[in-house]
Amino acid sequence: MVNLTAAEKTQVTNLWGKVNVKELGGEALSRLLVVYPWTRRFFEHFGDLSTADAVLHNAKVLAHGEKVLTSFGEGLKHLDNLKGTFADLSELHCDKLHVDPENFRLLGNVLVIVLARHFGKEFTPDVQAAYEKVVAGVANALAHKYH
C-alpha cells in the first residue's frame, strides 16, 4: 500500500497518462543495465549486452522494458493493493528467477530519472515526491515474497 494524498494520486495519474510506455520502458530498463551492469546477468538470454550501445539497441531489452512499465502502470490502478497486484510477479522473481530484490529499488530510481528527463519542468518536486513513494511501494510489493 502506498499512502498518497488525493493530490499526489492525481499528479501520478495525470503524468502517467502522458507516458509512452514503449519508449520510456525501454529507456528505463536499458539505463538500469548500463548503470548497474551486474543486473545484466538476469538478461543474458537477451543476446549481446556487452556494451552500453549494445544494451541501448537490444530489441529484447526494449521489449521487456515496455512489459515492465505496462505492469507498473497496472499497479498504479491498484495503489491500495500493490502486494496483491504484484504477488505473482514477486513469486516469479523470487522463486524462479532469483532476482536480488534490491534491483527493484534500483529500477524504481532509474524510472524516476527517466520520467524527470522526459517531462522536465512538468516533473516538479511534488510530482517527484509522489513518484518516489510509488516506486518504493512497488519495489516493496515485488520484494514481498522474499520476506
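Cβ coordinates are placed from backbone N, Cα and C, and glycine is handled just like the others.
Quick look at what Swiss-Prot annotates:
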- His64, His93: heme b binding site (BINDING)
- 3-147: domain 'Globin' (DOMAIN)
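Around His64 (heme b binding site), the same-chain residues six or more apart in sequence whose CB sits under 8 Å from its CB are Leu29, Phe43, Phe46, listed in sequence order. The residues of the domain 'Globin' (3-147), classed with DSSP into helix (H, G, I), strand (E, B) and coil, number 118 helix, 0 strand, 27 coil.
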